[in-house]
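Structure first, commentary second.
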Amino acid sequence: MNKNKSNKLKGIVVALKANFLIVEIDHKNFKDHSFDQFYGKIRLLCIRRSKLNYQGLFIDVGDIVCVESIDYKNKRAVVSDVEPRQSFLKRPAVANVTLVSICISADEPLFDMEQTSRFLLTAECANIEPLIILTKIDLITKNDLILYINKFKSWGYDCIPVSIHNSQGIDSLIERLRKTKLTVLAGPSGVGKTSLINHLIPTVSLPTSSVSKKLKRGTHTTRHVELFAIGNGSLLADTPGFNRPEIVCEPSDFAFLFPEFRTQLSNSQCKFRNCLHRDEPGCVIDKDLERYPFYRQNLEEMINSPLPYQAG
């Protein structure tokens with residue numbers, strides 16, 4: 001069988017399929033050189049030790065795991081342990097994420113400020129750096145593009161505008177993604193996430209779908225999370241699209257999830273320490289900020305929700 005039961009190698013979970021884990025390991029770590037045809041990184045179909053289930057250890061895409069009992073020829077192994085996570089994104093469930101790239105369409109489907117903010121808050125809640133990728137910029141004018149960039153800048157976020165039709169911005173995006181270890185590509189359905197991955201990594205060829213003319217939104221093409229190599233040791237996760245991420249946060253912490261609010265709160269202090277930035281006297285938050293109405297609406301939902309600190 002050519003199994004090496006004594007060897008334990010580290011790998012990363014790149015996909016979950018039924019009850020199996022797909023784990024990628026580096027061939028340079030192999031002690032058995034009978035299979036040198038497997039040059040570079042290979043993927044193993046793995047089961048998990050039952051003790052992991054007994055210990056209540058869940059394993060998700062992005063987790064760093066130990067594999068043993070490796071069958072090199074048939075590319076199978078057993079996951080025996082999982083390392084502590086550096087970060088975790090709950091939806092979609094991905095471990096050890098270093099960047100959340102949120103794909104937002106400039107047109108088709110139309111830009112939705114609330115929807116975009118909810119995706120940004122998902123990253124902020126997990127304390128993971130967000131990046132906005134503005135797709136389909138070939139459908140808008142240069143003036144509209146400038147308005148988008150300035151909008152996101154006023155929110156406190158970087159934006160990389162791209163088009164897969166004329167490749168504008170693609171080189172800049174690849175350069176940025178290769179500077180971080182694991183990027184999750186998130187966003188609503190129909191904004192072109194999967195098409196963008198196909199453009200960034202031509203060997204992948206993932207299925208895509210068009211935006212519904214009746215509903216004015218995309219349909220779900222990606223059904224599960226999977227990691228793909230994008231060069232320089234960096235990985236990119238394609239994730240299922242969903243259109244309304246929930247916000248789960250304590251009301252007292254909510255304002256600190258908005259970079260434009262954090263800037264004002266770092267420069268000045270509200271009169272009251274427990275200020276929620278509603279109508280309290282001495283509040284330093286500018287009520288004319290573009291996203292303040294969104295903040296206020298969702299804050300009220302959190303306070304009045306029967307579920308603990310949830311809006312939407």
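Just so you know, glycine gets a Cβ as well, placed from its N, Cα and C.
Look at Swiss-Prot and you will find Thr135, Lys136, Ile137, Asp138, Gly187, Pro188, Ser189, Gly190, Val191, Gly192, Lys193, Thr194, Ser195 tagged as GTP binding site, backed by sequence analysis. DSSP assigns Ile137 (GTP binding site) to a helix. The number of other Cβ atoms within 10 Å of the Cβ belonging to Ile137 (GTP binding site), over all protein chains shown, comes to 21.
Under the heading Zn(2+) binding site, Swiss-Prot lists Cys270, Cys275, His277, Cys283, citing sequence analysis as support. Other Cβ atoms within 10 Å of the Cβ of Cys270 (Zn(2+) binding site) number 18 in total over all chains. Secondary structure from DSSP puts Cys270 (Zn(2+) binding site) in coil.
Residues annotated as domain 'CP-type G' in Swiss-Prot, with sequence analysis given as evidence: 86-245.
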Helix, strand or coil at His277 (Zn(2+) binding site) [DSSP, three-state]:
coil
Could you check which of the binding-site residues (Thr135, Ile137, Gly187, Ser189, Ser195) sits closest to His277 (Zn(2+) binding site), going Cα to Cα?
Gly187
What does DSSP say about Lys193 (GTP binding site): helix, strand or coil?
helix
Sort out for me which one of Val191, Cys275, Cys283 has the most neighbouring CB atoms within 10 A, since those are the binding-site residues we care about.
Val191
Cβ atoms within 10 Å, counted per site: which of Lys193, His277 has the most, among these binding-site residues?
Lys193
Would you count the other CB atoms within 10 A of the CB of Thr135 (GTP binding site), including those on all shown protein chains?
25
Rank the binding-site residues Gly187, Ser189 by how many other Cβ atoms lie within 10 Å of each Cβ and give me the one with the fewest.
Ser189
